[in-house]
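Annotated in TrEMBL:
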{"type": "DOMAIN", "residues": "29-144", "note": "domain 'Acyl-coenzyme A oxidase N-terminal'"}
{"type": "BINDING", "residues": "150, 189", "note": "FAD binding site"}
{"type": "DOMAIN", "residues": "287-449", "note": "domain 'Acyl-CoA oxidase C-alpha1'"}
{"type": "ACT_SITE", "residues": "434", "note": "active site, proton acceptor"}
{"type": "DOMAIN", "residues": "484-661", "note": "domain 'Acyl-CoA oxidase C-terminal'"}
Ligand SMILES: CCCCCCCCCCCCCCCC(=O)SCCNC(=O)CCNC(=O)[C@H](O)C(C)(C)COP(=O)(O)OP(=O)(O)OC[C@H]1O[C@@H](n2cnc3c(N)ncnc32)[C@H](O)[C@@H]1OP(=O)(O)O
Ligand SMILES: Cc1cc2nc3c(=O)[nH]c(=O)nc-3n(C[C@H](O)[C@H](O)[C@H](O)COP(=O)(O)OP(=O)(O)OC[C@H]3O[C@@H](n4cnc5c(N)ncnc54)[C@H](O)[C@@H]3O)c2cc1C
């Protein structure tokens, strides 16, 4: 087997000496760490080859992205989608390569929702016959689809969706209708301009009786001309916070007839006589796609976080500013401890999110690919609770991190060329789409409260909630670096927060409140309980995963430091809850704060190597500040020279407005 190269970035010229010094001084080889993160040399090499092939093609060149208008961006996003489809034919790329490419391109493709929702929903909710008919068309882009669930009036409350699919026995068709204005579909990615079809969620009505929301395949546009079909109205919903999330659209259907076979029928079907049948699964089987995408968004949160810390840490090593030692040369800004405090706990978080997404994706696969295939649905409630909670928790933390990193770059962090602004603006969608985060924390809380009640009655709890019945003595944190003791501290605080939520709920109920009133009254506390549980789950998962890794000692050593720092930093971030729960006392909090600062100093020499280990291609980062070679100022000047605003030495607006005014003013 060919030796694995040490970095994804091959064509590196002269490296900035400060960055080189950082690399030379690291305690471990970043390539070794990359192999741990990516699951071994074979996978690392494969990813590198795919990403390099991608960026050697000018179609995928990202350099002028920040100067593009919305229309130009869309043009490139469509071009990229089609080029990837060509790669499937020309280079034999499979879903695996496509997934790697999509991540490297930040999913900035006109057909992103086709890949991440349309096709997976068909795979999960369609019968084998429907799949055989539709998937080949989807693979060849004869059918380009989106997932049209959210309406102008409702996104969260799926029971209130207004679109109807009424079964017409005489024609054996469903008649699709949009009650206006609030029932129009609003937001689906790609719906605006790129798609020929949509998977539309609608209330199924048979003989005047509603059977709840079902999913229907609806053709929107003529596949040859791309013109709207009769009864269909579609368009782009208008400017949004980010230009990169492509053509989100709206859809109105007026008496659109679709064949009976177009209802996705793995779990539910309507016979030709108009009888509604539930085949298998749970009442929430149609919600399966949401669980899958939420699990994948945990991965997206890791990508955003690790890219942000890569950019800000490299820049922190290259940038020299101010005075540290009186009279000495300006220091690298990463030598300021306050700067380290912005960066290093977030590097630790990025590693923590890596292990969280590994857990989430593997648990999702275990439940969907193994248990459900055997007709076992027992884990679905826990998977739903965790995919909701971790999606919310990880995207929230990830967005906080991106903003901290952006600010840590001073003025240059405000430039698109930093790469951090687009990470922030594109990433912001992730706290809303696929379930608004507060709503998702409350779904987790619902599950936690049920389990808490079961635990109190001596019943069984879900496997991730074993701490509810564990007996942790309080104030046992004798050594702030001891992982089992830290784990106990997290568990005690999480259990306490769940208890607070449960006690408040039961007090409200005792005071005569209805269940729904008690829930609303205590929902702030319930969200806190969810966050405490998720904090605990991710920190403990990080500690457990690192402790069991069989890797080189120098890698293990640095990962142990990271998971300790992560735990300590999370405690400091929610100190009042840890104190209130008596998981720690004030003296221990003091010790934790000091230990945190000690760990910063100990991890400082490895900061650059730790972010190099994420192995991002320069074009993925697309950042003048976070370049692998560290030649920041040269790149900023180069980009500025090519900035469209500098194409003409005198802008026409000067001649159009200023000169006529000056001429008049002279009179
Ligand atoms: C591949 C790589 C991708 C990477 C990433 C790339 C990104 C780059 C591209 C950008 C792509 C953007 C793509 C965005 C695409 C959209 O945003 S699509 C639209 C997504 N929409 C949503 O998420 C809507 C949010 N709302 C909901 O999910 C539901 O309404 C809620 C909030 C869960 C509540 O539902 P409900 O039916 O009112 O349920 P509720 O009465 O609260 O609960 C009923 C029971 O069902 C259970 N339940 C609810 N939901 C579920 C479920 N899903 N499963 C199982 N059980 C459930 C509850 O736990 C509860 O159980 P019990 O406690 O009774 O036992
Ligand atoms: C970039 C982007 C891409 C998207 N892509 C798609 C797509 O491809 N397909 C698609 O179908 N949809 C898509 N969506 C829509 C998205 O799924 C919804 O916007 C999302 O589910 C939130 O629903 P909402 O907009 O109705 O928010 P709302 O529910 O109106 O939220 C507004 C506020 O009300 C609060 N709230 C609502 N209900 C509750 C409750 N029960 N308890 C407490 N607080 C509550 C929320 O916390 C929030 O603060 C996309 C959205 C974005 C931003």
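Here, residue 1 is simply the first one shown, and the rest follow in order.
Each residue, glycine too, has its Cβ placed from N, Cα and C.
Feature map: annotations from TrEMBL on the structure.
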{"residue": "150", "record": "FAD binding site", "Cβ neighbours (10 Å)": "18"}
{"residue": "189", "record": "FAD binding site", "Cβ neighbours (10 Å)": "27"}
{"residue": "434", "record": "active site, proton acceptor", "Cβ neighbours (10 Å)": "28"}
- When the domain 'Acyl-coenzyme A oxidase N-terminal' (29-144) is classified with DSSP, how many of its residues are helical, how many are strand and how many are coil? 87 helix, 0 strand, 29 coil
- Spatial separation of residue 434 (active site, proton acceptor) from residue 150 (FAD binding site) - C-alpha basis, Å: 10
- Rounded to the nearest Å, what's the C-alpha distance separating residue 189 (FAD binding site) and residue 434 (active site, proton acceptor)? Just drop the number here, would you? 12
- Message: For the domain 'Acyl-CoA oxidase C-terminal' (484-661), report the average pLDDT of the model, please.
- Response: 96
